[in-house]
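The structure appears below as structure tokens.
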Amino acid sequence: MQQAIAVLDSGVGGLTVVKEVMKQLPHEKVIYFGDTARSPYGPRPASEVRHFTRQIVDYLLQFNPKMIVIACNTATAVAIEDIRARVSIPVVGVISPGARAAIKMTRSGRIGVIGTDGTIRSQAYETALRQISPDIHVYSEACPLLAPFVERGLFSSDRAHSIVEQSLSPLKDKPIDCLILGCTHYPFLMESISQVMGPEVTLISSAEETARDISTILSQRNMQTKSNEIPIHQFFCSGTPIVFRQIAENWLKEYISFIPVVWQVPTII
Ligand code: DGL
């Protein structure tokens, strides 16, 4: 049986990474876990997020995946080293790819970062950016209202737009030329974020670069699937699946419309 790439997030956010994986690696099978019952992770203490991440990884290991992708910045910031120490398969996070993508893009060396309270508090982006380029200027802003809004499927509403406007206002007068969407939920709000920040600011989602990392690791280790079949992906969520399923089907429609997808009953862990 084909070994899958296991992807986790607090909810629907990691689907932004899954979409890129499906685009770049169409024959790879994905098993996804969204912890919708316990979302958002952003306001939670680091120790709790670490504990939840461990639980989900333990759950996903029963499917014998070939790789774990922590498609959540909040969990990557506080749990990736812990998970790497616990499993023998590759573990990919979203912070280093996002930082790398921003460094490639910036001309001015002034980069904005938005994320959850947990991610911004951890300063994981500052660390990752300065590891690549020590002189970089980073302007960080926590936007705790955004992910819960996305989780409710309300990302195209007027209310969502005004919350984006309000959340980004502290960054509007900063001299940045790139803004890292340091939460995997934020690409759902791309249109509003881009309208608010204007054409001078390039938005960086780590999804694309993360999918490239996944592809590189699979080929370096000769772990790519040899199958040319269309994979049967599996999606799990810990809360009620109705909204989760709607968002996922809509977001991934070009990649899963003709692909058999197994939707599982909610699993509370
Ligand atoms: N998608 C998540 C992230 O990238 C977490 C959002 C949340 O649960 O607060 O940080």
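Keep in mind that glycine also has a Cβ here, set from the backbone N, Cα and C atoms.
Annotation source TrEMBL lists substrate binding site at Asp9, Ser10, Tyr41, Gly42, Asn73, Thr74, Thr184, His185. The feature active site, proton donor/acceptor is assigned by TrEMBL to Cys72, Cys183.
When the alpha carbons of Ser10 (substrate binding site) and Cys72 (active site, proton donor/acceptor) are compared, the span between them is 7 angstrom. A coil conformation is recorded for Tyr41 (substrate binding site) in the three-state DSSP classification, outside any helix or strand.
Residues Asp9, Ser10, Tyr41, Gly42, Asn73, Thr74, Thr184, His185 make up the record's substrate site, and a Cβ search at 8 Å around their centroid adds Gly11, Gly13, Gly14, Ser39, Pro40, Cys72, Ala75, Thr116, Thr119, Ala147, Cys183 from the same chain. Cys72 (active site, proton donor/acceptor) is 9 Å away from Tyr41 (substrate binding site) when you measure Cα to Cα. Within the same chain, residues at least 6 positions away in sequence whose Cβ sits under 8 Å from that of Cys183 (active site, proton donor/acceptor) are Gly13, Gly42, Asn73, Thr74, Ile114, Gly115, Thr116, Thr119, Cys143, Leu146, Ala147. In sequence order, Leu15, Val17, Phe33, Gly34, Asp35, Ala71, Cys72, Ala75, Thr184 are the residues near Asp9 (substrate binding site), counting only same-chain partners six or more apart with C-beta under 8 A. Proximity of His185 (substrate binding site) to non-local residues of its own chain (separation of 6 or more, Cβ distance below 8 Å) is seen for Gly11, Val12, Gly13, Thr16, Leu146, Ala147, Val150, Glu151, given in sequence order. Under DSSP, Thr74 (substrate binding site) is assigned to a helix (H, G or I) in the three-state scheme.
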